[in-house]
Amino acid sequence: MPKVEPPVTKNQMVELQFEDLTHEGSAVGKINGYPLFVPYGLPGEKAKVKVIKVKKNFAFGKLVEVTEQSPERIEPPCDVFYQCGGCQLQHMSYEMQLEMKHKQVKDTLRKLGNIDVENISIHPVIGMEDPWRYRNKVQIPVRGIEGRLETGFYKQKSHEIINMDTCPITDEQNDRMVEAVRRIAEDAGITPYDEESHRGTLRHIMVRNGQATNEIMIVLVTRTEKLPYEEKIVEEIHKAYPNVKSIVHNVNSKRTNVILGDKTKVLWGEEYIHDTIGDIKFAISAKSFYQINPVQTKKLYDQALQYANLSGNETVIDAYCGIGTISLFLAQQAKKVYGVEIVPEAIEDAKNNAKLNGFDNAEFVVGAAEKVMSWWKSQGLRPDVIVVDPPRKGCDEELLHAMVDMKPTRIVYVSCNPSTLARDLKILSEAGVVLKEVQPVDMFPQTSHIECVALLELKKA
Ligand code: SAH
């Protein structure tokens with residue numbers, strides 16, 4: 001094949017018409033079929049773009065000037081939207097965000113999953129009435145700037161911290177708590193962590209609240225084994241903020257981007273805080289995964305439960321169960337639920353949560369879902385329904401095959417990444433599983449992320 005040169009060179013100025021959006025939320029414009037990815041552009045717009053990086057099959061550009069503006073472009077409410085990497089879509093109307101996410105789910109399932117999306121119901125995205133201030137958890141890095149403790153967000157693709165007072169997608173109370181804890185730690189004389197020299201003490205401040213209960217957990221993550229001035233800090237926090245129910249110290253002494261280390265110790269109060277979703281109450285400890293948007297989580301779980309279509313006689317597996325949230329939703333309508341999850345603390349929480357709500361029909365196991373699923377299969381477990389809710393990388397192939405071999409009537413696949421959902425659907429379809437419908441739910445407004453619940457059925461033999 002003749003070698004085709006890219007039609008642009010670095011630093012060149014070009015005029016583009018944007019026609020689409022990438023998974024990361026960048027606009028896509030083409031020159032003779034060659035795509036340029038441009039953050040902060042909107043489909044439909046024309047713009048002047050500076051070429052930043054040229055690759056063989058695509059290039060990245062920087063938006064210089066919008067020459068024809070989309071009616072869907074809005075003023076982002078956040079002051080640091082264009083520097084912070086947290087949100088990608090604040091410049092886009094919420095209606096357009098929902099439309100683009102719907103299109104993204106369809107396109108991805110068609111391209112990567114070979115799904116006939118015109119003949120399968122991929123429902124419109126369930127959005128939020130008020131798509132702001134939804135996040136129940138923040139994990140804010142701490143750095144020293146001119147001798148002071150500063151909290152903020154990492155600048156995009158860097159470890160430079162942008163100072164920030166408020167984050168408009170975070171629960172306002174959590175915003176204020178980060179600032180309060182930063183001030184208390186600074187007054188006490190705590191030193192900030194320095195990434196380069198790997199010295200200093202305080203690395204992150206994590207705050208999580210139960211939006212239904214108003215209970216707050218504070219986690220102080222330090223490089224050092226000891227949290228200096230521990231008593232003073234703890235006393236100041238819980239005296240001034242009575243709805244703080246749990247203050248936890250986590251030690252992370254490694255050079256790593258992972259936020260939490262292995263060791264956690266309760267400094268004051270409970271080991272967990274509570275929240276309720278629907279009729280079920282959950283205890284959540286520091287290291288357990290818990291959905292960050294409780295309003296949308298209720299809609300997501302209701303949809304999963306509806307797809308599970310239980311009558312009370314079924315045996316159900318909930319793989320990647322976290323603290324047993326979906327498991328207990330299912331336990332309301334099933335005979336027996338088995339949950340599996342890899343984080344031991346989360347399984348402790350799950351067992352606790354079953355008791356807390358008086359369920360005696362839920363059993364939880366710590367382990368890799370793919371291993372435990374194969375083991376359950378070998379033990380003769382034959383569930384009627386299987387629910388999976390894997391992390392972004394999707395399901396392990398071993399799990400997909402074990403699942404099919406168990407011959408459930410239905411599989412409900414909850415996914416936070418359409419690409420891996422599509423990949424897994426392709427594997428499942430080759431094994432005789434049929435996709436029935438997909439309901440996307442917007443768990444992460446203002447960002448390019450999208451969650452889906454998919455209903456699958458096994459072809460009758
Ligand atoms: N269903 C839960 C959790 C979903 S998040 C909820 O809605 O809250 C995905 C979960 O999978 C996390 O709790 C994570 O710890 C867990 N996990 C990741 N890899 C795993 C694996 N190989 N086996 C089992 N669980 C895993």
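Note: Cβ is positioned from N, Cα and C throughout, glycine not excepted.
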Site-mate of Q291, Y320, D389 for S-adenosyl-L-methionine in TrEMBL, selected among E341, E345, E348, E363 = E341
Where DSSP helix means H, G or I and strand means E or B, what are the helix, strand and coil counts for the domain 'TRAM' (7-65)?
-> 0 helix, 35 strand, 24 coil
Restricting the recorded positions Q291, E341, D389, C416 to those with Cβ under 6 angstroms from ligand 1 leaves Q291, E341, D389
Which three-state DSSP class does C416 (active site, nucleophile) fall into?
-> coil
Greatest inter-residue Cα distance in Å for the S-adenosyl-L-methionine-binding set Q291, Y320, E341, D389 | 15
Hey, for the S-adenosyl-L-methionine site built from Q291, Y320, E341, D389, who else sits with CB inside 8 A of the CB center?
-> F289, D318, C321, G322, T325, I326, P390, P391, V414
What is the interatomic distance between the Cα atoms of E341 (S-adenosyl-L-methionine binding site) and C416 (active site, nucleophile), given in whole Å?
-> 17
Mean per-residue pLDDT computed across the domain 'TRAM' (7-65) = 97
